[in-house]
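TrEMBL lists 1-18 with the feature compositional bias 'Low complexity'. Annotation comment: TrEMBL describes 1-22 as region 'Disordered'. According to TrEMBL, the feature disulfide bond maps to Cys104-Cys120, Cys119-Cys186. Here TrEMBL flags His185, His206, His215 as Cu cation A binding site. The feature domain 'Tyrosinase copper-binding' is assigned by TrEMBL to 206-223, 365-376. Taken from TrEMBL, the feature Cu cation B binding site covers His338, His342, His372.
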Amino acid sequence: MASLTSLISSPPSSTNNIFPKTSQLSAPIGRLQTLRKSQLAVTCKSSNGRSDPFDEVLAAAAAASRRDVLLGLGAGLYGAGAFVTDPFSAAFARPIDGPSQDVCKLATPSPGNPLQIECCPPAMAGRESKPFQFPSPSEPKRIRRPAHLASQDKEYVEKYKLAMKRMKCLPPEDPRSFFQQAKVHCAYCNGSYVQSSHTNLGLQIHFSWLFLPFHRMYLHFYERILGSLIQDPTFALPFWNWDHEDGMAIAEMFKDPESPLFDGLRNVYHLPSNKPLDLRWDRVTEDKPFERIRDDNYARVYELMVSGAQRRLEFFGPKYRAGDPPPAGGGGTSERLHNMAHLWTGGHNQQFGEDMGNFYSAGRDPIFYVHHCNVDRLWNVWKTIGGFRFDFDDYDYLNTSFLFYDENSDLIKIKVKDVLDPQALGLEYEDRPIPWRNSRPVPTAANAARTATAAAFGGPITSPSAFPLVLEKVTTVMVPRPKKGRTAKEKSAASEILVVEGIELEGDKVVQFEVVINDDPDNPSGPSNSEFAGSFLNIPHVHGNNGHNKFVTGLRMDITELLEDIGAENDDQIQVTLVPKKSDGPVTIGGLKIEYSS
C-alpha cells in the first residue's frame, strides 16, 4: 500500500491543488450556499446553476477538477460466497428486487416546495449489474475504530481527509464521487426510487427490517471507494461511539472548517467538545448536566437494545416485501435508537434541518457515515446479548437486493444475505466497553413501594372513545391487559407489547412524543426510571408513495420487563400517558392496545 507521506508529497499532477487556502473558506455561519462552500473545503470551483445548492457547489467543484483527479483504482479482489435456499419458499417468494433501473424521480424536501433535488445516480437504464462478490479472505481486514480515539491518530486523520478530498473532487457524473455518494440516501429514502416489479409503489429502506442491512451495504461500498482513492485496502471508517460517555460528543476530526470532514450545516450549539449527544433532546434544552445526559443515554440504549428489543421483529422493524406499499414511520428499536443523532446534529437554523436532520440531505455530512457505523456495530452487539436475538431467516428478507456502484464504478447487485456476517465483508470493529448493559432503569418511589394502584397516579383520564385525537397536551388513558400474571414460560414464548396505533402525521415535519406507564402525568419520568416506556420521533422526509406525504404509522414498545419492574404484572389495566414534545406539525393518535409478540 502507498504510504501517506508518498501520497501527499508526490501526488499525481491532478491533485496538486486539492488542499484549500484559508482565504478560500467561508468562516461565518449564515446562508446555505455560503455554508456549502465551507462544507466542501477544497479548491474545486465554477458553477453550473443547479437548483439545489449542494448540487451547485459540489457538481461545479468536481467539474473543475475532472481531468485532475487521482483515479488510481485497481481491480477488486473478491472471493465467492454461497447461500442455500429453500425451493418451496422461493416458489412463493416476494423479495424486493432493488429499485427500478428505468424510473427515478426528482425529490423535494417538502411536497409543493419549488426546490427540486436530483437524487438519481448516473443512468442505470439498460446497464447490466454484476452480482456481489465477497472480498478475498487474503485481503487485509478493515478495522473500524471509535472516532474520538481515531481523532488522536494524526496519520489516520490525514489519510481520511485525503481520501475525502479526492472523493469530493471526482467528476460529478462519476458514481464514486461524494456528489453521487451523498445522493444515494436521498434516492432510496426520500421518494425517488420505485420498486422494480411494482413501479407504482415507492421504495423506502427506512421503517422496516431493511433498515440495518441496507445501511451496511451503503457503508461497505462508500468505505471501499475511499480506501481505493488513497490506495489503502485497510482503510476503514471510524464509528461515532455515542453509546459510551467518552465518545458521545462529535469527534474533533469533524470540527475543523478547513477539513473536508467538516459540514457547515450542523447545529453550532452542539459542536463544543463538552456537548454530548443527547438521545432525549427536546429541541429546546441545551444546559443539561453531562451526568444527566449520560445516564439518560445509557438508559435509552438499554431500553432499545435490551428490554425493548427482546424479539427480532421489535428490533429490526416490520417485514417489507415486494408489492407492499412503502413502510411509514416508527421502525424497529434499532432505527428509533439512531433517529435523535440525525435531529441533534442537523442545522438548527435550516428550514428542513439540513444536513443530518433530513433524509434527503443526511448523506451530505461525512458524520452521517460515522454515525451509521455505530448503528451497524450495535447490530452486532445486539446479537451477542442472547435470548431470541438473531437475524431473520425469511426467504424474502435474505433475497431482497439493492444496487450500488463499487470502487471500480461497476454497478453491483447485492442481497441482504450477503451482509449478515461483517467478517465475510472483511470488516471488524474495535472492542469497546458497553456501560449501558448495566443501566436497567429503576422504578419511582411510588412503584418501588407499590403504594399506588394503576388508577391512582393522578391526572384526568381520557376515555378510549375520545380517540382518534390530536395530541396537543399530556393525555392519559387506561389500557386493559388481555392477560395478567403471566408465567415465566408465557413471557418466554411471547413479549407483551404496548401499541400506539393510528399515528397520523406529515412526513416532512419533526414530530415527537414520549410514553410513560403508571406515572404522574404532571411530572412524567425520564428514561432512567422504569415507568418510561419509549418515545416516537419522525425525521423529516418525503414519503415514497406517489408524492403523498401524510401517512399513518404506529409505535410498538415491549413492556414485559417494565411491568415486572414497576410491580404491575397482576394489574388488569395500566395507565398510559402520552407526553407531547416540541413538534413542527400536528400528530393524531388513533388509539392504544396491548398485544403479544413471539
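Every residue gets a Cβ built from N, Cα and C, even glycine.
A TrEMBL annotation is a machine prediction, not a hand-curated record.
The two recorded residues, His206 (Cu cation A binding site) and Cys104 (disulfide bond), show a Cα separation of 18 Å. Here the Cβ of His215 (Cu cation A binding site) has 26 other Cβ atoms within 10 Å, regardless of which shown protein chain they belong to. When the Cα atoms are compared, His338 (Cu cation B binding site) and His215 (Cu cation A binding site) turn out to be 12 Å apart.
On its own chain, Cys119 (disulfide bond) has Cys104, Leu106, Ala107, Lys183, Cys186, Ala187, Asn190, Ser192, Tyr360 as residues at least 6 apart in sequence with a Cβ closer than 8 Å to its own Cβ. The binding-site residues under consideration are His206, His372. Their Cβ neighbour counts within 10 Å are lowest for His372. Straight-line distance linking the Cα atoms of His372 (Cu cation B binding site) and His185 (Cu cation A binding site), rounded to a whole number, equals 12 Å. Apart from His185, His206, His215, the residues listed for Cu cation A, the same chain places the Cβ atoms of Tyr188, Cys189, Ile205, Phe211, Phe214, Tyr218, Phe359, Ala362, His372 within 8 Å of the centroid of those Cβ atoms. Of all the binding-site residues in the list His185, His215, His342, the shortest Cα-Cα distance to Cys120 (disulfide bond) is found for His185.
Sequence-ordered, the extra residues of this chain that approach the Cu cation B site, with Cβ no more than 8 Å from the Cβ center of His338, His342, His372, are His215, Asn339, Ala341, Ala362, Phe368, His371, Val375.
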